[in-house]
Amino acid sequence: MTTMFRYPVFPVLPGLDQADIPEGLSRARSIMAEPDYMDGDGDDLIKPKKLLNPVKSSRNHQDLHRELLMNQKRGLAPQNKPELQKVMEKRKRDQVIKAQKEEQEAHKKRSDLEVELMKRRETLEQLELEQNKNEEEQENTPEFVKMKSNLRRTKQEVDGQERAT
């Protein structure tokens with residue numbers, strides 16, 4: 001007896017020996033009952049036919065199958081992503097969209113105090129930029145130009161004092 005995984009492949013039936021089995025038939029085939037329609041004398045019986053699948057016989061299914069085959073031949077096969085991966089990508093997109101909406105709403109719903117503080121911050125930043133530009137220009141200018149501007153400034157201060165008195 002042949003065994004596989006510690007279980008017998010063909011069960012041992014009482015009263016059936018290897019000598020009782022014809023040579024052409026295997027042991028499993030001798031145990032199984034043969035269907036009635038296999039006999040040659042039942043020609044008047046209707047033999048069973050395989051049922052047609054209504055989905056496969058539909059025109060839409062055939063067109064879709066033809067299109068998929070053509071795309072596969074061209075190398076344009078659709079991406080076969082697992083369902084879990086598709087769901088995770090959709091959730092990630094939804095979270096990004098939700099975060100963008102919340103950010104936009106946060107910008108829209110600023111109070112008057114926040115708006116005023118934003119304006120002041122912008123003006124201070126502009127002033128700092130202008131001061132930095134002036135300092136850079138003064139560092140890059142030659143020494144004689146600096147001296148000339150100092151002389152001009154002192155002259156204006158002296159003229160201003162003379163007028164005041």
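Backbone N, Cα and C atoms are what each Cβ position is placed from, and that goes for glycine too.
Just so it is clear, the model here is predicted, and its values are computed rather than measured.
According to TrEMBL, the compositional bias 'Basic and acidic residues' annotation covers 83-114 (among others).
Among the features that TrEMBL reports, compositional bias 'Basic and acidic residues' is placed at 126-135 (among others). Helix, strand and coil content of the compositional bias 'Basic and acidic residues' (126-135), in residues and according to DSSP, is 10 helix, 0 strand, 0 coil.
Annotated compositional bias 'Basic and acidic residues' per TrEMBL: 154-165 (among others), in sequence order.
What TrEMBL lists as region 'Disordered' is 55-114 (among others).
Summarising the annotation, TrEMBL assigns region 'Disordered' to 126-165 (among others).
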Counts of helix, strand and coil residues, the compositional bias 'Basic and acidic residues' (154-165), according to DSSP:
11 helix, 0 strand, 1 coil
